[in-house]
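Remarks on the structure that follows.
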Amino acid sequence: MSRHESRKLSDDYEVVDVLGKGGFSVVRRGISKSRGKNNDVAIKTLRRYGYTLPGAQRSQPGQRGLSPLGMPTLKQVSVSDALLTNEILVMRRIVEDVSPHPNVIHLHDVYEDANGVHLVLELCSGGELFDRIVAQDRYSESEAAEVVQQIASGLAALHKSTIIHRDLKPENCLFLNQEKRSTLKIMDFGLSSVEDFTDPIVALFGSIDYVSPEALSQRQVSSASDMWSLGVILYILLSGCPPFHAPSNREKQQRILAGDFSFEEHTWKTITSSAKDLISSLLSVDPYKRPTANDLLKHPWVIGDSAKQELIEPEVVSRLRSFNARRKLRAAAIASVLSSKVLLRTKKLKNLLGSHDMKSEELENLRAHFKRICANGDNATLPEFEEVLKAMKMNSLIPLAPRVFDLFDNNRDGTIDMREILCGLSNLRNSQGDDALQLCFQMYDADRSGCISKEELASMLRALPEDCVPADITEPGKLDEIFDQMDANSDGVVTFDEFKAAMQRDSSLQDVVLSSLRTI
């Protein structure tokens with residue numbers, strides 16, 4: 001990875017539309033200036049907040065391998081920097097030992113600048129695994145077996161190089177292109193680990209639906225943990241729903257730890273015993289009893305000898321569509337929460353602003369000035385933010401404006417979200433009861449529609465100070481619980497009545513939300 005200022009990402013690529021955003025990254029489509037439009041790439045920008053990568057040499061395009069990086073330990077950096085460090089280390093190993101492989105994303109190049117580290121990756125334009133599946137009216141066991149075969153092939157190559165993915169799920173499996181016979185690629189190695197090489201990031205953000213029993217109980221995680229995740233994916237492909245149903249996250253964890261799933265639902269009657277036997281072996285609580293990726297590549301069901309050609313029940317496809325839609329909604333909301341440096345930002349804000357106590361009328365005036373001054377709706381540039389502070393006669397805060405602005409410029413695009421900064425500033429005042437709830441709600445009801453989206457609700461939690469964050473907030477699935485409790489009718493938006501009812505039902509939930517309005 002190069003630190004030569006003479007070579008910049010913009011020298012080699014035209015960066016165009018945004019393809020997706022994650023908790024600590026953004027992916028954009030790039031066009032090679034030397035090779036033209038037929039060589040589009042995906043440029044994943046990993047934002048960093050705490051440190052600058054030490055001087056390291058970037059491999060030139062086409063070279064195998066990235067030079068060693070002298071990294072600090074993960075405990076010395078923030079979560080976002082840990083993810084950045086981890087993904088670079090794992091991608092380096094993939095380039096050295098795995099690439100090129102038809103079922104593993106390929107890294108073309110790496111750049112670094114003040115905005116972060118840019119990974120230039122193979123562009124996968126064929127869509128996510130489940131999106132592609134549910135676009136069909138029906139599919140067969142044989143087609144599901146082809147999916148498993150491709151994922152197993154990628155895992156076999158990764159595991160041979162002692163790389164554990166640790167976060168295998170449908171959204172991390174993308175088709176290379178729109179062709180019917182497109183290859184499927186495993187991607188997103190931010191939570192991966194290289195055995196005896198990197199410090200794994202344990203149990204932070206993985207969806208609990210795919211997490212193995214040993215990962216939940218914080219025992220040794222191995223390549224067998226990836227095989228468990230593949231077993232869950234296969235179960236969902238053949239039934240349309242995850243194997244471990246439970247009314248609460250805690251009960252779901254207990255079922256996973258016990259390996260408590262079944263094939264009793266009526267659509268399983270049409271599925272071959274070979275497929276069910278394979279799922280049972282992959283979902284064995286004992287990791288040593290699970291087949292390896294290489295074992296799967298020789299399994300009669302996976303290679304097509306025993307997988308049925310007949311189409312699966314339409315009910316399965318319908319359930320999978322519903323599951324997939326809800327999964328995507330949650331993923332967007334959770335990414336919104338994670339993108340805000342949940343454990344760091346509010347304390348930094350308080351340190352900057354000291355004892356400046358924002359009153360309710362000041363917050364409302366601030367909103368009005370944002371609306372009047374900002375050319376781009378709810379987003380403000382630094383000069384616009386400084387103009388807002390001047391209009392509010394907050395002269396003492398103007399010298400701090402660049403530092404406050406930087407705290408809220410999540411994707412380093414030179415703008416901040418007015419709603420985020422209002423919620424952040426509201427941490428410095430006291431409030432309680434319905435007024436506090438209404439204030440929270442109105443902060444993010446930007447269009448005064450009377451309801452807020454899941455993404456907006458997630459954003460509301462961004463400003464939580466570390467002291468007020470529940471101890472188990474980073475446990476897999478905990479954020480899912482919060483969203484489920486809010487959205488009573490599962491329609492993707494939350495009315496004030498739903499919001500208030502959720503607070504009244506669960507005092508611990510009220511503590512979480514109202515923490516954003518209390519003095520820290």
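The backbone N, Cα and C atoms fix where each Cβ goes, and this holds for glycine too.
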From Glu387, Glu498, the one annotated by Swiss-Prot with Asp487, Asn489, Asp491 for Ca(2+) 3: Glu498
Stretch carrying transmembrane segment according to Swiss-Prot (options 142-158, 227-243): 227-243
Candidate set Thr183, Thr267, Thr272, Thr381, annotation phosphothreonine, source Swiss-Prot, matching residue: Thr267
Stated Swiss-Prot location of coiled coil, expressed as one of 24-46, 93-115, 346-368: 346-368
CB contacts for Asn489 (Ca(2+) 3 binding site) [other CB atoms within 10 A, all chains]: 9
Rounded inter-Cα distance in Å - Cys451 (Ca(2+) 2 binding site), Glu498 (Ca(2+) 3 binding site): 9
In the chain carrying Asp491 (Ca(2+) 3 binding site), residues 6 or more apart in sequence that have Cβ under 8 angstroms from it: none
Thr267 (phosphothreonine) and Leu19 (ATP binding site), distance between Cα atoms, whole Å: 36
